[in-house]
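Input: a single structure, listed below in structure tokens.
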């Protein structure tokens, strides 16, 4: 137990050591003129000149939102065309065929929404050109889109006016100043530890038995870096980060975990710098971290305890539940990876979630249902800010004061927009899950009938709604029904909340901040952190508790 505690503590300390200065860097990159402008501004100026972008033109929230949707729609259309003709394009040494229309729709929506749900196997479903031009490109642009939304919200809370910035400038800066430099660093580290980086699509090797085997290769390291830094999650190979070419070593495992965790963990500190009150950032970070550690403890204990039926059958169960796990990672690092990838809504996996114990599988489900414990790049911060505003609103009602957040009144207009985003999340999980469980098109995909089958279906839609992308991969989901239904859920889960929170940002930026008084409810204290924790926990529990009882909890009770 001590070695597990020491491993986790070291990784947590590394996270804080990375996240705090990274938060300051993000603040300088987006909000402040500094020394980095001398290096990056000339590069950005070339991009602005070639694309005709007027980067200094401020936008209202409507203009900002329109620009975001247009850019995303254009990228989606280009990507759809690429996958439909990939067979005829170069860098296709494996002769990969064109994608079927509904699978193409699901795939391009998945990567555009930062979900990376994969109803295909990476090494056989995409050519190297598609992996580079489509997958890697989308991983940058979808992560940058999320960062722009967080940037716009932070800007709205830290200034007074009618505008929230320039989308194109924020989008370019997110790529040039943040994602590209970090990706280069992580790529070099991964290559150093043995992750392949080559244009060779296939390689024939001799096996230990004297036979030959063809191995799939490609530019894996460069994809892996942005896959995790951008909280994307889509794997170059079907086995994702369980594959030895994606994640060959415990060191690469730690690098990948910290990569997908660092930007979501840094954004609260960026927010603290922007509002000139670093305590604000620490309160948000601490609240999310406590929620995360609680969930991690549950999944680790569940997996270490193993399946009770194994012990009852006379077999040794002291090694815990190693089904679906890599021996090189073991239960501790597999459990931590599971918690991080669903907390940060990345979706990459170093073990098979379908093989988790019932309670172990409940944890990634719960983290995606909450969708605000760090969350994805940008959007996770927006989600926790949404809950922070709800907490302030409820606290204000209880003491009979007009709720205020950073001196700005939270009024019915903002709450209506927040509630739309809040209620949509469970709706697009529970409604399609019910439809799938009531129809043959849905139930025919279930590989484990019974309570686990319910969990498989609910997990698929929860992962889609939270823009996570992981799955209980026993589900046979490459059908028209699953491709279209999850595609629609991914679109709604991504863009409705983005539009709603940009509207909230547009409303708040125009309000005159109210001076702080002795009666002001402060949001930079431990008291507010406790209230925020309770708000997240209670709303999540009340919303999803019934379906969790029907799935993982009921399954657990059957094997006790």
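Glycine too: its Cβ is placed from the backbone N, Cα and C atoms.
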For this session: Please find, within the list 219-239, 282-302, 303-323, the residue stretch that Swiss-Prot describes as transmembrane segment.
Result: 282-302
Exercise. According to Swiss-Prot, which listed range is transmembrane segment: 113-133, 134-154, 155-175?
Worked result: 134-154
Problem set entry | Contact check, the transmembrane segment (254-274) vs the transmembrane segment (356-376), 3+ Cβ pairs under 8 Å, seq sep 6+ | yes
For this session: State the non-local partners of the transmembrane segment (63-83) in its own chain: residues 6+ outside its ends, Cβ under 8 Å from one of its Cβ atoms.
Result: 89, 98-99, 104-105, 107-109, 111-112, 126, 130, 133-134, 137-138, 141, 145, 148-149, 152, 164-168, 171, 495, 498-499, 502-503, 506
Seminar exercise, completed: Given the transmembrane segment (356-376), its same-chain partners at Cβ distance under 8 Å and 6+ residues beyond its ends are 114, 143, 146, 231, 261, 264-265, 288, 291-292, 295-296, 298-299, 302-303, 305-307, 321, 324, 335, 338-339, 341-346, 382-384, 386-387, 425-426, 429, 451-452, 455, 458-459, 462-463, 465-468, 470, 472, 536, 540, 543-544, 548, 551-553, 555-556, 559
Problem set entry | Segment proximity, the transmembrane segment (329-349) to the transmembrane segment (530-550), 3 or more C-beta pairs under 8 Å | no
